[in-house]
Structures are given as structure tokens and as C-alpha cells.
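For reference, Swiss-Prot has these:
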type	residues	note
TOPO_DOM	1-72	topological domain 'Cytoplasmic'
DOMAIN	5-65	domain 'v-SNARE coiled-coil homology'
MOD_RES	41	phosphoserine
MOD_RES	48	phosphoserine
MOD_RES	49	phosphoserine
TRANSMEM	73-93	transmembrane segment
TOPO_DOM	94-102	topological domain 'Vesicular'
């Protein structure tokens, strides 16, 4: 009877050892996955920083481009109005030659 009890205890100890070894393997596997996940998160952080910098630069370039276009449009409108004003002045203001006729 003591021999059977000893065998049962030995089997239980072997089972516990096997379970512990499986758990240890799972812990090592999980550690590897966590390391890989940490590397990926670091890469994503670097990529997001680069993306943020690029978007800020692009937004600033577009802002200046918009301002430049508005200035050119304003100058074109002012030039057009000036041209219209000159044409109207030439047409409607009497010239010196017309006033000397009897």
C-alpha cells in the first residue's frame, strides 16, 4: 500500500513538474511577444512623430501658398480696377483739344 501511495505521489509530482515546465515555456513565449510588441509600439511612436512633423510643415506651406494667392488676386483686382479707372477717365474727361473748338 505504501508503494502505491508513493507511485501516486510520484505521478502527481511528475504532472506538477510538467505543468510548471509548460507554464515556464508559455512565460518565455509571452515575454518574446511582449518584446516584439514593445518594438512595434516604439516604431509607431517614431512614425507618428514624423507624420506630425510632416503635417505641420505641409500645413505651413499651404498656409503661405494661400496667402500668396490672395495677395496675387488682390493685386490683380487692384490692377484691373486701376485700368478701368484710367479707361473711364480717358473716355469721360474732356481733353484739352475738345474744349478749344467753337
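Glycine is treated like the rest: Cβ placed from N, Cα and C.
Annotated features, which come from Swiss-Prot, shown on the structure.
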{"residue": "41", "record": "phosphoserine", "Cβ neighbours (10 Å)": "10"}
{"residue": "48", "record": "phosphoserine", "Cβ neighbours (10 Å)": "10"}
{"residue": "49", "record": "phosphoserine", "Cβ neighbours (10 Å)": "10"}
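Here the topological domain 'Cytoplasmic' (1-72) is broken down by DSSP into helix, strand and coil counts: 71 helix, 0 strand, 1 coil.
Along the topological domain 'Vesicular' (94-102), the predicted structure has mean pLDDT 59. Between the CA atoms of residue 41 (phosphoserine) and residue 49 (phosphoserine) there is a gap of 12 Å.
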